[in-house]
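These features come from TrEMBL:
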- 6-27: transmembrane segment (TRANSMEM)
- 39-59: transmembrane segment (TRANSMEM)
- 71-92: transmembrane segment (TRANSMEM)
- 99-120: transmembrane segment (TRANSMEM)
- 132-153: transmembrane segment (TRANSMEM)
- 160-182: transmembrane segment (TRANSMEM)
- 188-209: transmembrane segment (TRANSMEM)
- 215-252: region 'Disordered' (REGION)
- 230-239: compositional bias 'Basic and acidic residues' (COMPBIAS)
Amino acid sequence: MEVLHFVFGVFGNATALFLFLSPTITFKRIIRSKSTEQFSGIPYVMTLLNCLLSAWYGLPFVSKNNILVSTINGTGAAIESIYVLIFIIYAPKKEKAKIFGLFTFVLTVFTAVALISLFALHGNGRKLFCGLAATIFSIIMYASPLSIMRLVIKTKSVEFMPFFLSLFVFLCGTSWFIYGLLGRDAFVAVPNGFGCGLGTMQLILYFIYRNNKGSQEIKKPSGNGTSIEIGEKKPRQDKQQPNGKVPQDEQV
């Protein structure tokens, strides 16, 4: 049983690393276009919080035999921090403020959990407190793509729900769910069981709409910074004569 526990922990590390690296294609697109388009930054911020809390929970003085949880989530926290900073740089002003606010919230929550668990709690109380915090925000992390899933259903397009991100959400959730069951750790099994189910839903949506071009209701930024709908005709610029009148052949 211990060998299987270790094997699924290693597999969980591998799939989680691919999960953390899978958005690199998305961020190459963001950097190239200098725009976040309709990509949501919320999943990356919530993933950062999940990584920080899970890495803390896996430390030996919080929970035993979970060092594999700490190693991958510590790595994930560093990767997600880079994603969040890139998103803040290229997001529109309103979205930038929202993501920066969430980023501040993430750092505040993690600092509070770490300090309380270090100085106010010990033994099982510390494990229970940190485990509950990690579980709650793990579920929130897995639930954060729900807004993108809603966009997929509305537009009938998977353009803004990358396939590899959905695939590795499923693989990562499944492997850590089994790891938690083998280790009899509900704080690992419960949130990742939820992630396994949500990853399955994302893959189903992807295969339903993967060949669709969408309903042409997505707004994309035009060159001058305004937004136009796909397929929308640009406003006609009326030609004016020197006296300011519109020519008769162009009057409505």
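Placed from the backbone N, Cα and C atoms, the Cβ positions cover glycine too.
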Feature contact check the transmembrane segment (39-59) with the transmembrane segment (99-120), CB under 8 Å, 3 or more pairs: yes
Touch test for the transmembrane segment (160-182) and the transmembrane segment (71-92), at least 3 Cβ pairs under 8 Å: no
Top partner of the transmembrane segment (132-153) among 6-27, 39-59, 71-92 - counted as Cβ pairs under 8 Å: 39-59
